[in-house]
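Lifted from Swiss-Prot, the feature list:
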type	residues	note
BINDING	13, 15, 192	Mg(2+) binding site
ACT_SITE	13	active site, nucleophile
């Protein structure tokens, strides 16, 4: 029996699944840290912080930056900085700075992963409704989808500000299934991180885990999705469609 024969709709995560957003996110994080005279983190480190929304991204960035600054000052024989504003207030300021800078660099710092457009197009042509579920702040989502020319594929889009509980809570996925008019078990959810797989399990949705995303440096198989794929277009044969041969480049 085909594991996905009862699927009537497909929903996707965004960052690390459909798009490589790390360059833009890392640039905005580092500009915000620099503006507060804190150490900058770099893309390789920021990648491990992506996936839980901007507020938690800021908390992780600030925690690391304050610790890094203390370590650097200690190696130079300087006392730790003891006149910081409270961390909660600093996170709030950092988030405002991040939002401003990310708005400037999001489009030029985000790229489609290979096979995204042709896979979405094939699924849409089959008549499957497609949804997007992301923890990314909602104001950034629609402009980014339009800039990448993939907004046209989605009938339902849920951003991080559209629900009270973000992934890994099931609420965003349940909302998408409801708007599609299908049961959760009829909606396949495709993601790259443990948050995605946990949300799918909690919602009762079958799940696909992709190996190429961020996932905090962990292997996706540790989250035990129903199926693991190396490439997004590996999904097509499982849904009765021919495997895409269109070789999209990351920078298309």
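Backbone N, Cα and C atoms are what each Cβ position is placed from, and that goes for glycine too.
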Environment of 13, 15, 192, the listed Mg(2+) site - residues of the same chain whose CB lies within 8 A of the CB centroid: 12, 14, 16, 17, 18, 51, 134, 191, 193, 196, 210, 213, 214
Which of 13, 15, all binding-site residues, has a Cβ with the fewest other Cβ atoms inside 10 Å: 15
Other CB atoms within 10 A, centred on residue 192 (Mg(2+) binding site): 29
